[in-house]
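Below: one structure, written as structure tokens.
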Amino acid sequence: VPRNPAINLNTIQFSLCAAVFICAKDAAKENATITLSSPATAHTVVLPLVMTTPETWHPFVAQIPAKEKAKEGETVALNCQFHSPWGPSLSKLTVKWYKEDEKGQSDLLENNVTVLTNYSRAFIHGNLSQGDASLTILNVTASDHGIYFCQVTLSSGKVVMGSGTKLRIRRALGLFGIEESIGTIIGVVAAGVGGLVVLIIVLTPRLRKCLLCIKQAPHQGMEETVSSQISYCKNMSFS
């Protein structure tokens with residue numbers, strides 16, 4: 001650095017750092033060698049070219065929402081959207097819908113062709129060229145409840161599928177026009193039966209004691225009232 005009082009040493013250091021930064025940005029493109037010179041010495045910086053590649057993502061199937069409800073006789077639509085880094089088109093790919101319930105797995109459609117026998121109420125209404133393989137079910141019945149899966153087979157043979165959509169069917173009980181899901185109806189009936197069983201178990205021993213005490217109650221003559229006998233039985237039952 002020249003011995004000139006008018007030149008600030010900090011200013012020279014800042015200029016040198018700025019030059020290195022600017023040259024480094026240009027050199028990073030060509031794996032170049034940067035040479036910086038000053039009156040005192042020369043600084044040489046070698047910057048290797050660093051190649052970065054974008055992260056790849058894999059095709060996937062989205063089924064949103066995860067739950068759907070419908071009343072018996074209604075039409076329901078189950079969403080299915082295909083996403084791929086090579087484009088969403090499903091025109092040349094195999095699309096399949098199947099259902100899982102308490103009876104097991106049942107294939108419904110494959111490339112919009114009905115697979116399940118005597119099941120013509122379902123079809124794909126989405127635009128396959130846009131990656132939309134959404135399913136429509138007409139005139140739903142109680143037997144349509146279950147979890148529906150949308151599956152896509154890629155040209156490589158790899159299979160990707162959605163997480164499933166659970167379909168619940170509401171039905172009218174008829175007596176008061178109450179609409180409720182099948183699962184809730186089953187739950188209410190089961191709870192009622194269980195409560196009745198518990199009540200019988202709890203009351204049976206006491207009923208036996210009551211009947212026994214009526215037979216064994218002391219006879220106090222014709223003037224003894226029924227109320228006194230009942231009172232006596234209560235004391236016997238809870239003693």
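Cβ coordinates are placed from backbone N, Cα and C, and glycine is handled just like the others.
Look at TrEMBL and you will find 59-160 tagged as domain 'Ig-like'. Marked as transmembrane segment by TrEMBL: 182-203.
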Need one number: mean pLDDT over the domain 'Ig-like' (59-160).
93
How do the residues of the domain 'Ig-like' (59-160) split into helix, strand and coil according to DSSP?
6 helix, 48 strand, 48 coil
